[in-house]
Amino acid sequence: MLSRGVCGTSRQLAPALGYLGSRQKHSLPDLPYDYGALEPHINAQIMQLHHSKHHAAYVNNLNVTEEKYQEALAKGDVTAQIALQPALKFNGGGHINHSIFWTNLSPNGGGEPKGELLEAIKRDFGSFDKFKEKLTAASVGVQGSGWGWLGFNKERGHLQIAACPNQDPLQGTTGLIPLLGIDVWEHAYYLQYKNVRPDYLKAIWNVINWENVTERYMACKK
């Protein structure tokens, strides 16, 4: 099972992807709200398919791939280990990303963050509105499928915006610790917003769980 810790998320798969001798299988996390709770901004059909089909597929495929990887390790088959890396990255990243995404959303979300997170956003982006514009632009600008992210650069102590293709996990790709992720795969919005990704990006700000994002930020500052 993927840990629900809020800091260093991508490192939580390290035991499973490295030493597999006593690994536990990953499982699909429960949503902290009903499928229809984010309406009208994200409808119930999208949420049901996104969680119970798409995320579940990443979990199942990750478990299968890890079993194959364990067999390759036991056999000392380096070629097979290398060949399995893309599937580990894709399905492991999909599991990490979606496990963060669900907690980043809330039917009681929207508005602005408070306290230290808001001050950090103002410091690093000028204002909350400028931050929204930059993260929206980065997310809309993803070519094909991927994610827009607000991450924390622990070395610099600053917030940064980044975009990752496909299911590449933010921390494993950039070193940034994920705080807020926006899924811009078509399965996240197409049934409701068709091919108009900007409309989906406009709507999702109404359900951002700033309490969760703040918890992640405060944990990573320690």
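Positions of Cβ are set from backbone N, Cα and C atoms, glycine also.
Features as listed in Swiss-Prot:
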type: TRANSIT; residues: 1-24; note: transit peptide
type: BINDING; residues: HIS50, HIS98, ASP183, HIS187; note: Mn(2+) binding site
type: MOD_RES; residues: TYR58; note: 3'-nitrotyrosine
type: MOD_RES; residues: LYS68; note: N6-acetyllysine
type: MOD_RES; residues: LYS68; note: N6-succinyllysine
type: MOD_RES; residues: LYS75; note: N6-acetyllysine
type: MOD_RES; residues: LYS75; note: N6-succinyllysine
type: MOD_RES; residues: LYS114; note: N6-acetyllysine
type: MOD_RES; residues: LYS122; note: N6-acetyllysine
type: MOD_RES; residues: LYS122; note: N6-succinyllysine
type: MOD_RES; residues: LYS130; note: N6-succinyllysine
type: MOD_RES; residues: LYS130; note: N6-acetyllysine
type: MOD_RES; residues: LYS202; note: N6-acetyllysine
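In this structure, of the recorded positions LYS68, HIS98, LYS114, LYS202, the smallest number of CB atoms within 10 A of the CB marks LYS114. Apart from the site residues HIS50, HIS98, ASP183, HIS187, the chain places the Cβ of HIS51, HIS54, HIS55, PHE101, TRP185, ALA188 no farther than 8 Å from the centroid of the site's Cβ atoms, the recorded Mn(2+) location.
The most crowded of the recorded positions listed here (HIS50, LYS75, LYS122) is HIS50, judged by how many other CB atoms sit within 10 Å of its own CB. Here LYS75 (N6-acetyllysine) is positioned 11 angstrom away from LYS68 (N6-acetyllysine), judged by their C-alpha atoms. Distance noted between the C-alpha atoms of TYR58 (3'-nitrotyrosine) and HIS187 (Mn(2+) binding site) is 14 Å. Rounded to a whole value, the Cα-Cα separation of LYS202 (N6-acetyllysine) and HIS50 (Mn(2+) binding site) is 19 Å. HIS187 (Mn(2+) binding site) has a Cβ environment of 14 other Cβ atoms inside 10 Å. There are 22 other Cβ atoms within 10 Å of the Cβ belonging to TYR58 (3'-nitrotyrosine).
Cα spacing between ASP183 (Mn(2+) binding site) and LYS130 (N6-succinyllysine): 20 Å, rounded to the nearest whole number.
HIS98 (Mn(2+) binding site) sits 27 Å from LYS122 (N6-acetyllysine), counting Cα to Cα. Checked against LYS122 (N6-acetyllysine), the recorded positions HIS50, LYS75, LYS114, LYS130, HIS187 differ in C-alpha distance, with LYS130 being the nearest.
Spacing of LYS130 (N6-succinyllysine) relative to LYS114 (N6-acetyllysine) is 16 Å (Cα to Cα, whole number).
Remark: of the recorded positions LYS130, ASP183, the most isolated position is LYS130 (fewest other Cβ atoms within 10 Å of its Cβ).
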